[in-house]
Amino acid sequence: MRSVDMDKITEIIREVSAEEIAPRFGQLEESDIDTKSHAMDLVTIADTEAERVLTRRFCDLLPGSVTLGEEAAHADPKLPERVFSNDVPVWIIDPVDGTKNFAHHRQPFRCMVALYHGDETVAAWIIDPIEGSATVAEKGAGTLHNGTPVHVRSNIQVAKDAKGFLISFARDRIRRHYGHLDFFDEVAHYSCCGAEYQEIAQGLFDFCAYRNLKPWDHAPGTLLVREAGGVAKYITAAGSDEYHANGNAPGLLCASSPELWAEMNEILLPLFG
């Protein structure tokens, strides 16, 4: 695969976001919103149109590549299996991460893209469609936010000093299992994992944990965190399985240091098993 111009991809995502996503924010009609697997799993015209345009532009830019978009995979559930079985570059696209926020005229929401080739994620982009701010990473080259290198808070090594993101499933299970959430300095949830990954990579928060691990939700952000110096592994007893876009497990945990990851894994393992 020939190398891609990171800045060119950023430019494309910003352009498509400005054309297909930003103008529709707060302007959606009822007919512009639909549901997928359940009532809270929303899709809007911004999702479908942004994914359509990104698919065309990426394949034009890199001949021979294919795309794996969230909405295309919903329409064709066998699509992930097919694209990952071929040794060609794959653009993994989440056109609007945080669709529920977007549909209800709330922020944050993000446009996320990862490039997968040679059995690994090699580049990632997470962009704010409204502000245009971009956090990007290329394997082996670090993570940049608006062109400036960023790093995780690697000095945070124990949970009581850590701020992080936990989905409601994890928060509820922790309370039921342990009776409290006092392990951590602060717990938040944005309903937009792209924004959460950005803030960990920038050293503003220290951990996040997820289930239902779709590649478009996590391939971009895990590379940002890793290239910023963090850890992204599956929640397992062994604690040795790195996140992989074509893998799966009951849970995923990212943290700003190996020490914090190990303590968080012990806390979460009984709940994600």
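Every residue gets a Cβ built from N, Cα and C, even glycine.
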According to TrEMBL, which candidate in Glu70, Glu71, Glu120 joins Asp94, Asp97, Asp217 at the Mg(2+) site: Glu70
C-beta crowding around Asp217 (Mg(2+) binding site), within 10 angstroms: 20
In three-state DSSP terms, the structure that Asp94 (Mg(2+) binding site) belongs to: strand
Cβ-centroid neighbourhood (8 Å) of the Mg(2+) site, Glu70, Asp94, Asp97, Asp217 excluded: Ile93, Pro95, Val96, Met112, Cys193, Gly194, Lys214, Trp216
